[in-house]
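A.B. asks: Positions annotated as domain 'Cyclic nucleotide-binding' by TrEMBL: 383-502. The domain 'KHA' feature in TrEMBL is assigned to 564-632. Taken from TrEMBL, the feature region 'Disordered' applies to 525-559. Residues or ranges marked as transmembrane segment by TrEMBL: 65-83, 95-119, 200-225, 248-269, 281-299.
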Amino acid sequence: MSRTAMADIGSSPLPLLFRRRSSGEIRNLATVSSSILPAFGTVVDDGYSHLKKYVIVPYDQRYRWWQTFLVVLVLYSAWASVFELAFNKTARGPLLIVDLVVDVFFAIDIVLTFFVAYLDKSTYLLVDDHKKIALRYVIRVWFFMDITSTLPYQFIFRIFTGAWHDGEVFSFLNLLRLWRLWRVSEFFKRLEKDTRFSYFWTRLLKLLGVIVFAVHSAGCFYYWLARHHKTPANTWIGTAIEDFKHRSVWLCYTYSIYWSIVTLTTVGYGDLHAVNTGEKIFNMIYMLFNIGLTAYTIGNMTNLVVHAAVRTFAMRDALNELLRYASKNRLPEGLREQMMAHMQLKFKTAELQQEEVLQDLPKAIRSSIAQHLFRRTVEKSYLFNGVSEDLVSQLVSDMKAEYFPPKVEIILQNEIPTDFYILVSGAVDLLTYKNGTEQFLSKLGAADMAGEIGVIFNIPQPFTVRTKRLSQVVRISHHHFKQMIQPQSEDGKIIIANFMKYLQGLKEDVLQEIPFLTELLADQTQKPTEQNEEQQNRETLDSQDANPEGRTGTSSLPGESTIRVIIHGHHPSQGTSSDRLGKLVYLPDSLQDLFNLAEKKFGKRGSTILMADGSKVEELNVLRENDHLFVV
C-alpha cells in the first residue's frame with residue numbers, strides 16, 4: 001500500500017462513521033487516529049454501506065494484520081540491504097532466496113493497493129471506484145518508489161544474461177528497499193496512540209530500534225570502505241585481522257559492530273581506529289551524526305522520565321506552597337494537617353475525579369456515566385424516594401463527585417447553605433458546638449444526606465459534618481436544586497413529605513439544636529385536621545349559591561397558602577439574639593389570623609406588624625417567602 005493511502009485512510013476516524021458488511025469490526029477505537037476530520041457543516045450520507053465488489057476497507061482488521069506483517073519484513077529488508085552492500089558475497093547465498101520471498105510479499109501489497117479504498121478529502125467519503133483508486137496510485141511518486149524498491153535486480157539480470165554480476169551496482173540498487181522504512185514509522189505512530197500498549201515502552205522500543213539501525217549501518221559502511229581500499233592492510237580492520245577479505249563474514253561483521261558501538265558511545269578504546277584518509281573522513285561524519293543521535297535519544301528519554309514523574313512534581317510543589325502559606329499565616333497544626341491531607345488525597349484520586357476526567361467529553365456521555373455511578377445512591381436517599389425518573393436523571397447529571405480524607409469538615413456549623421451532600425461511601429459524624437464544647441449527635445453512612453436541612457429551610461447550617469474515614473460524596477448545588485424542583489410541583493410535594501417524615505424521626509437532641517422544628521412538626525400534625533375542616537367549609541359555601549351575601553370577605557381558604565414567614569414577638573430594633581429567635585410559620589389568610597397566631601406563639605396580643613426595616617405591613621399579599629415579621 002502507498003504511503004499517501006496510509007496517511008489519508010489508515011489514520012482517519014472512519015470507524016466512528018462507517019459500518020461495512022465486508023469489513024471486520026474494529027474492537028478498539030484507540031488504534032485509529034484522527035489526523036483528518038471533516039469540515040464543519042460537511043454532510044456524510046449513508047452511501048458507504050454498499051461498497052463495490054473487491055474493494056478493501058483500509059481499517060479492516062485483516063488488512064491491519066497484513067500491514068503489521070509487512071512491518072516485520074521491512075525490518076529484515078533494512079538489515080539485509082546494508083549488510084549485503086558490505087558483504088557482497090552473501091547476496092548470492094541463502095539471503096538471495098529470502099530476499100526474493102520478501103519481494104514477492106511486497107509485490108502482492110502493490111497489487112492490493114489498487115483495491116484499497118481511499119478517503120476523498122473534499123467530500124469525506126470513501127472512494128471505491130477502481131479506476132479512480134488505480135489512477136490516484138499510479139500518478140504519484142509512491143507507486144514508482146514501491147516498484148523500484150521491490151524489483152529483484154540481481155535475479156532479473158541472471159535471467160536475461162545467464163550469469164551473476166559481480167559489480168556493486170546491484171548492491172546500491174538494493175538500498176532502495178530502505179524506502180520501506182516509512183511503514184515502520186507509521187506503525188509506531190499507531191502504537192503510540194493505542195492505549196492497549198504502554199507509551200513508555202513503545203517509545204523506548206522505537207529509540208532502541210533507531211540506535212540499533214544506526215550502529216548496524218555505520219559498521220557495514222565502515223567495512224565497505226576497508227574492503228574497497230587499494231591496500232587492505234592499510235585499513236582499520238586490516239591492522240587487526242590479516243587477509244580479512246577471506247575470513248568469516250560473521251567475524252568481520254562482529255568487528256564492524258564492535259567498532260560502531262565503541263564509537264557511538266564515545267568510549268574510544270583505540271584498538272580499532274581509522275588508518276587512511278577515507279576512514280578518517282567517515283569517522284568525522286559518523287561522530288557528528290552521533291552528537292545528534294545522542295541528543296535525540298537523551299531528549300526523548302528525559303521526556304519519558306519527566307512525563308512519568310510530572311504528577312509527583314506537581315504534588316510536591318502544591319504541598320510546599322501549602323506549607324509556606326500555613327506558616328506565613330500561622331495556621332494551627334490541626335488545620336494544617338487537614339489541608340495537607342486534602343491536597344494529598346486530591347492528587348491520589350485525580351484519575352477518579354469526575355470533573356477532571358470527564359470535562360472534555362460531551363454532556364450526554366458525562367450524564368450517562370453519572371447515571372451509571374450515582375443513580376442508585378440517589379434513589380436510596382430518603383429525600384428523593386418516590387420522585388419521578390426525570391427528576392432523578394436531572395439531579396444525577398448535575399451532581400459533582402468529591403473525595404474527603406478522614407477527620408475533615410465537609411460542612412461547618414452556621415455557614416451559608418450553598419450545597420448539600422449525599423454519601424456514596426464512607427461515614428461522617430454530625431456534630432454541634434455548645435459553649436465551645438463539641439458534642440456528637442449522630443453518625444451518617446452510605447446513601448445518607450448532609451446539609452439538606454439548612455438548604456431546604458434556607459437557614460445557616462445547624463450542624464458540623466466531619467468525616468470519620470475516607471468518604472466519597474456527591475454534591476448538589478442549592479441554586480440548581482431549586483431550579484429543578486420549581487417546575488416539578490408533584491415531585492416537590494413528594495420531597496417535602498419525605499423531608500417532614502425524616503424530621504419527625506430525628507432524635508430529640510438533634511431537634512433541640514433547631515428551635516423552630518418542634519413547633520413546626522406540631523403544626524404539621526394539626527394541619528391535616530384543619531384541611532379537612534376547611535374542605536367541609538368549602539362544600540358548605542358552595543351549596544349557598546342562592547345567598548352570596550352570606551359569604552365571608554376572604555377569597556382564599558386557610559391552609560392553602562404555601563408561603564412561610566418567620567415571626568418575632570418584639571420590636572425589630574431589639575435585634576435577634578439567641579434568646580429572641582423567631583418562629584417559622586405558614587402565612588395565614590388574614591392579618592387577624594396572624595395576630596391570633598402570634599398571640600398563641602408568644603403569649604401576648606399584638607396590634608401592629610412591622611418588617612425588619614420598620615415598615616408597617618398592611619396587606620399580606622405583598623409578603624414573600626422567609627420574610628421576618630415583628631408583631632408589636
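Including glycine, each Cβ sits where the backbone N, Cα and C put it.
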A.B. asks: As a test: from 65-83, 95-119, 248-269, 281-299, pick the stretch that has the greatest number of Cβ pairs under 8 Å with the transmembrane segment (200-225).
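C.D. replies: Looking only at 65-83, 95-119, 248-269, 281-299, the most contacts with the transmembrane segment (200-225) come from 248-269.
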A.B. asks: Mind tallying the domain 'KHA' (564-632) by DSSP state, helix then strand then coil?
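C.D. replies: Split into helix, strand and coil, the domain 'KHA' (564-632) gives 21 helix, 16 strand, 32 coil.
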A.B. asks: How do the residues of the domain 'Cyclic nucleotide-binding' (383-502) split into helix, strand and coil according to DSSP?
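C.D. replies: For the domain 'Cyclic nucleotide-binding' (383-502), the helix, strand and coil counts are 39 helix, 43 strand, 38 coil.
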